[in-house]
Structures are given as structure tokens and as C-alpha cells.
Ligand code: DGL
């Protein structure tokens, strides 16, 4: 099976990494819209337009299934992509919520969702979690983490200052922290240290790999997978980052 993985840029490599680790597909086509990243500060119409253009790319590549690694695209364009694609399309939000259900047994658990401004403004996570009766959900836009990760800042005092900036007014310690942006798994260790061991971290990549195993009954395969990388700008840089992150 040939799997397409779409992201606004390089961040979706964190999702690709989990998928490669789970060994569920033989072929992967990764496409990052690096010419137009970030999507997380754009409006709904623009996000949908760019996502439909990406869909045309994956149609040409004849993928069997498409994973939307980008939370922002999952929040705004998933339904239209599902309608227009000739193959199954999965976003990361449903998978993330499934992972929360698997992790937290108490519906009164406190959940913090960190994401781009666009994802937070959509309230897609909050609504999906409310449907599952998780009532204590706070969403926070932490957009500065995106360029920091792209600069290769995964730990240290600069990142800790950003944690202080965003989280010092939080009046609760979350039971679960949803890393609702492709870039955030790369700072998961630092976030884990900041919030402490009582906060469970929910990672989109791991969540989607689990969903594919649980709901789609996909099993690990032994064969070595092939991965092809495409980008709307500077594919060399995407490949360089892929070497570093994967
Ligand atoms: N890929 C985006 C997401 O997961 C983060 C980067 C962007 O803003 O495009 O929401």
C-alpha cells in the first residue's frame, strides 16, 4: 500500500516518523507545502484552497490512503478533502481524541491542547473532546514553538522562557497535554520535564499509528519501506531535516 502524508511544511515528519516506526506501509509519499508554511496563521478559505491543491498532487501520485499530518488542515479542510478524495483521508484530530480516550479513564481529567492559532480558533479539539464527555478542556495557541523547532531549538533556557510566557498563568496542572501541532513532538521531552510526570503527553503521530492498527486493523510488515519526499520549495532542505529527524 502507498500512503500519502501531507503537511504544511517539515513538521509532519514527526508523524511520518511514528508511521515508519509502526511499519504499516510499504511506500510513503511525503509532501510538505514548504513554500507557503505556516498555515496556522492563515484563514479558513486559504487553508482549504491550499489543501485541495495538495489533494491534486496526491491524486497524481496514486496513493491508497492519505494522512493529514497537519493539525491546522485537519481542523479546517478534512471534511472537504474526504468528500473529494478517491481514497480514504484521515486527520490527526480524531486520532488524538482516540488516544486521549485510551489514556484518561476519568472524564473530569484536565486536558490542555496546545496548537497553532488557527487550530485553537477552530475549537476542533475541544468540540471533539466534549462529544466524548471530557468537559475540562483548555486550548492555548503557542505559535512561537513552531519557528523555534524549525531553528532546531528543542531544549534549553530560550525554550523554557517560552514555556513560562505561555504557561505561567495556567491555574491547573493538566492530566493530559495534547501536542496538537506537528512540530511539538520535537519538544516533547522538554514539555514533559516542564509539566512533570503526572501530565501524559498525547502525540499525533503515535495516535494515528494506533488508530490505523486499532480501527483499520493494519498490521506491521517486515519489508523495508521506501519514502519519497516532495516539497513546494527547497526539497533539499526537507530531505536534510528528514535525515536529522527521522
Ligand atoms: N503543521 C502545522 C500544524 O500541525 C504547524 C505549522 C503551520 O502553522 O503550518 O498545525
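Note that Cβ sites are derived from N, Cα and C of the backbone, with glycine treated the same way.
Keep in mind that TrEMBL annotations are predicted by a computer and have not been checked by a curator.
Feature annotations, courtesy of TrEMBL:
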| type | residues | note |
| --- | --- | --- |
| BINDING | 7, 8, 39, 40, 71, 72, 182, 183 | substrate binding site |
| ACT_SITE | 70 | active site, proton donor/acceptor |
| ACT_SITE | 181 | active site, proton donor/acceptor |
Counting only residues outside 7, 8, 39, 40, 71, 72, 182, 183 in the same chain, those with C-beta within 8 angstroms of the substrate site's C-beta centroid are 9, 11, 12, 37, 38, 69, 70, 73, 116, 119, 146, 181
Suppose we draw a 10 Å sphere around the Cβ of residue 8 (substrate binding site). How many other Cβ atoms does it contain, all chains included? 28
Test of understanding: give the count of other CB atoms lying within 10 angstroms of the CB of residue 40 (substrate binding site). 26
Check each residue in the chain of residue 72 (substrate binding site) that is at least six apart in sequence and keep those whose C-beta is under 8 Å from its C-beta; list them in sequence order. 8, 39, 40, 42, 47, 115, 116, 118, 119, 181
Least crowded of the active-site residues 70, 181, counting other Cβ atoms within 10 Å of each Cβ, is 181
Which Cβ among the binding-site residues (7, 39) has the fewest C-beta neighbours inside 10 Å? 39
For a quick check of understanding: given the listed substrate-binding residues 7, 8, 39, 40, 71, 72, 182, 183, what is the maximum Cα-Cα distance in angstrom, as an integer? 13
If you rank the binding-site residues 71, 182 by how many other Cβ atoms lie within 10 Å of their Cβ, the lowest count goes to 182
Far apart in sequence but close in space: which same-chain residues, 6 or more away, have a Cβ under 8 Å from residue 183 (substrate binding site)? 11, 14, 145, 146, 149, 150
